Structures are given as structure tokens and as C-alpha cells.
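Student: First the structure, which I've put down as C-alpha cells, then a few questions once you've had a look.
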Amino acid sequence: PEVKKFVAWDYVVFAALFLVCASIGVFFAVKERKKKTSKEFLVGGKQMTCGPIAFSLTTSFMSAVTVLGTPSEVYRYGASFVLFFLSYALVIIFTAELFLPVFYRSGITSTYEYLELRFNKIVRLAATLIYILQTILYTGIVVYAPSLALNQVTGFDLWGSVVATGIVCTFYCTLGGLKAVVWTDAFQMIVMVVGFMTVLIRGTTLNGGSIKVWEDAYEGSRLNIFDFDVDPLRRHTFWTIVIGGTFTWLGLYGVNQSTIQRCISCKSEKHAKLALYLNLLGLWTVLVCAVFCGLVMYSHYKSCDPWTADFISAPDQLMPYFVMDIFSSMPGVPGLFVACAFSGTLSTVAASINALATVTFEDLVKKGFPNLSETMSTWISKGLCILYGILCTSMAAAASLLGGVVQASLSIHGMCGGPMLGLFTLGIVFPCANWKGAIGGLLAGIALAFWAGTGSFIYPAPPTKSIPLQLSTLNCTLANSTEALTTAAPMVAPDRSLLADTWYSLSYLYFSAVGCLVCAIAGLLISFVTVLIKPVCNLFCFWSERLKTFLWCGVKHDSQEVDFEKNLPKVIANKTGTDDTFKNNINKGNKCQFAGYNPEENSYTN
């Protein structure tokens, strides 16, 4: 189990990554120093092209969680993870054709502005706060997990890498804004693919070529990809990955501020859609690289599993251990892989910081201080980048309690992203939904998704549902014993309740689907109840017009739509010297006569 630690050349290669990223931030800070508007800082002046945006999207969501977690998943559970190939395709099609056109044509900066336009400011505020919580939690995992894995295998300092990641990301986000984030992501995408390909080529060569790797994977049952079992409690099947994975990633892509912010920074809607479809090619490339790395790793350790043999303490350390093993005679190459892992981390953290700053500024700061100057707005945006950089780095300390990086990250996105997806779906797909249905549905979706997610964390699913494949230590000397062994299923407490073996054992990929569907269904039911409540209220509250109106929940059932264009000439006929400004003011003044308009909240309820 003796594996070499980092040497000087590894640190040089790794430091070069951080230096290039920081330099890009400085470059855009100098280049764009005369453009001081908050719009330029937060969305790049809406002049970006599809190429760098596509690279940026791929790198941000293929973080170190993918670099370290996916090969480990394939090594332990098999190559069924490759079915995300289908999930990604469905997600990109829905995002590009359903959600993106609505956001792009609305001319908004924050996706949650749409919720105020569609519902009201209460819905917008609730969604904003949930997004902030979700993103800070996820970013903590993205920062901490790779740092811990690399620390325990390579000897790379844990808190040194955590703090360095936070400082560098905050630095180039604050200086260069969205343009720095996008172009840095494009560079990091190249580093990530080069790192993966280096590991694949070296690992395949050492293990007898690609045919031998494929044969070992087949003999070890790692190629049993298509499992059509419909049991929703099974961790990974065809249905959980394709259906559950689509809901989970649609919450990430379709309505996530980090994604939409970069799409709407494109110079046209056509460029934004093209960026998404090009990004799909990037997602497929990284996914295939990660899956094949897992198969190569299994071929290498098929008769001496380092995890079972206690050479490492967690499955997420398998990939860095493998890299240090096969490149022990090649100084500097392990540093390239660490740069590959941290490229994903840097891109995700930077995108999160930029998106959090945008959402906070647009949805909270501008609401409280609507008359800020452009210079002050830009400085506040930069201050928010620094604040969220510190918060996300600090949150890394709490991430050690959340288990495996892939499952933990997708669980958080499922529990928060699913209800948010349901909320936006209510607004875009169902015109009959009102703001009370939106709030009620969001709360119901969040409650149910968090109930399932928290329960699964406390009561992990029994091994019969997760079914890790067999791993052997036949040909290695164990750390504490000379006896060979094979993996055994972990012991399960006998006093598990029925709820623990059913609801809490639901596949983590279904958390998003549960949250989305519950939010949409509950939202529609509440909307119908608040709209159809009029006959009951009129029957029991006939003596009080004020009470009837109050119990109608803000829906103005007795309002009549007014054709202003037909009635306006009669009004203007009584005025002299009327111009277009007066006509517009008439229209604004009579807004409240449309059905469902709430003048106090300046929004429509249905």
C-alpha cells in the first residue's frame, strides 16, 4: 500500500492552474475597467458567444464530484452510471426549448424576477432564499470533498487547499465578473479533459489494453447496465437514472440561476440555445471519460481492492489513490490530475459565487434600495462576491457529515431543486396557477422532499437495494491481517421501522421528482380551491361584501375585463392636447380593472 506523496513538480503543476485562473480575473478587470455597470459585471453585458458559455456550463456542473465520485461509483456499482447519457439529452432539450425562451425573452437578470412577474414578490423572495441555501450547501461539498480525498491520499494539505480554492475563486469573480468566470471555466474544461485522458491512457496501457480492461469489467459484472426493475427503492436502475436523473438535472439546468445567468449573457437566444446543445457534447465527453476511468480502475484492482484492504478510508479516495499508484514514477503527472479535479471545483465554486451575488443583488438589494447608482451597484456586487466566497469556503467544514460526494450533492439538488422546478413549471405551463398555489405547492414540495432526504440520511437504504458489486482482496496483504477476504454486506440494524424500509429507502435520484410533482399538484389544487371558493363564501357570508372579498383570497371574481383600445377614444375625446404619454397613463391607471389584478401587490393572481 506504500504510495508516494506529492513532490515538488506536482506542486508546481497544481500552482500553475491557480495562477492562470487568477491571471484571467486580472486580465478582465483591466480590460473592462471602463465598463462599470452592474449589468456588465453580472451578465457580461449580454455579449457572450456560444463557445465559451458551452465550456463554462460543462465545467461548472462536472465538478470534482464527477472527477472523484463517478469513477468510484462505477468501480463499486458498475457502469450503469453511463445511462445519464440519456438524462442529459432530455434535460438539455427541455431547457433549450421550454425554459430558456421564457427567461431570455423576459429580459431578466435573475431567474427569480420571473416569479414576481408571474406571481408576486412573496413567491420570488421564498424561491430566492431557498436557492441561496441550496447553493451554499452544495458549494461546501464541492470544496471540501476533493480536498479531503486528496489530503488523505497525496498528503496535500486539507485546509490549505480549501482556503486556496475559496481565495482564488473569490479573487477572479470579484475582479473580472461573469466574463472572468466563463473564460476561466473554458480553460479548466481543457485541463479536466487532459487530466482524464492522461489517466485513461496510462491505466489502459498498464492493464493490457482496452480489450483486457473490457474483459475484466465483463467478468466482474461491471457491464450489466440495463436493469429495468421498476422498484423505486433500488438505488440505480434504468428508470431511476433516466427518470429520476432527468428531474434532478432539470432542476440544475432548467431553472437554476447559475445556468440561466450564463445563457442569458449570450448575445442572442440562438447563441444561448446553441451553447446548451454544445454543452451536451461536453457533458457526454466527461461522463464517458469518468465511466471508463472507473472500469480501468476496477481492472487494475480486481484482485486487490484498496478500500476493503483498508489502504484508504473512503471510496471517494479511490481515484486519487489510483493516480498516485500508476504515476508514482512520473513526477508532475499526479499534479496534473489534482489540477483536473480542482478545475471542476474552481469552476463550480466560481459559478456559484457569481450566481449568488447576482440573485442577492437583483432580488434583495435592489428591492430595498431601488435608486442605487451604477457605480455603487457594481461595488455592492463585488462585495457580495467576497461575502459569498467566505460563506461557501466556511460551509466546507460542515460537508464532512454528508457521506459520498455524488449522492450527497445530487441529494441536495434533488431536495431543493425539485420543488423549485415544480414552482417554475407551475408558472410556465399552467396559466391557471395563482400565487397562493405557488407558495403552498413550494412549501409542500420542500417538506416532502426534505422528509425523504433527511430520513434516508438517518436510515440508509438496506444493501439489498443498493447492491454494491463484489470486490476482492485475494492478492494483497491487508493492513491489519494477512488473511484474504471479500467484501461482505454491511450489517443492518434489525429494529428498522416499515417507514425506514420503504419511504426512507427511496432512491436519492427520485427526491427531485417527488419535490417537483408534489409542488405542481399541490399548487394546482390550492389554486383551484382559492379560485372556486367564491360560491361557498357567497353562501355563508352574504351579509358582508368585505368578508366575501377577503375570503376570495385576493381573486377578483367580479372584475370585468375592459377593452381599453375600444373605450379609450371616448376618454380622450373629453381631453385636449392628449399625447401618447397620457394614453399610457390611462392604461396604467385602469390596470386594476382586469380580472385577477391585485393593486396592492402590483401583480396578477390568475
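Every residue, even glycine, has its Cβ placed from backbone N, Cα and C.
Straight from TrEMBL, here's the annotation block:
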TRANSMEM  6-30  transmembrane segment
TRANSMEM  50-69  transmembrane segment
TRANSMEM  81-104  transmembrane segment
TRANSMEM  125-146  transmembrane segment
TRANSMEM  182-201  transmembrane segment
TRANSMEM  236-255  transmembrane segment
TRANSMEM  276-298  transmembrane segment
TRANSMEM  336-357  transmembrane segment
TRANSMEM  385-406  transmembrane segment
TRANSMEM  412-430  transmembrane segment
TRANSMEM  437-459  transmembrane segment
TRANSMEM  508-533  transmembrane segment
Student: With Cβ distances under 8 Å as the criterion, find the stretch in 81-104, 336-357, 508-533 that has the most pairs with the transmembrane segment (50-69).
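Tutor: If we count Cβ pairs closer than 8 Å to the transmembrane segment (50-69), 336-357 scores highest.
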Student: When you check the transmembrane segment (412-430) against the transmembrane segment (6-30), do you get at least 3 Cβ pairs under 8 Å, counting only pairs 6 or more apart in sequence?
Tutor: no
Student: Do the transmembrane segment (236-255) and the transmembrane segment (437-459) come together with 3 or more C-beta pairs under 8 Å, pairs six or more apart in sequence?
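Tutor: By the criterion, they do not touch.
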Student: Report the listed stretch (81-104, 276-298, 437-459) having the maximum count of Cβ pairs within less than 8 Å of the transmembrane segment (125-146).
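Tutor: It is 437-459 that shares the most Cβ pairs under 8 Å with the transmembrane segment (125-146).
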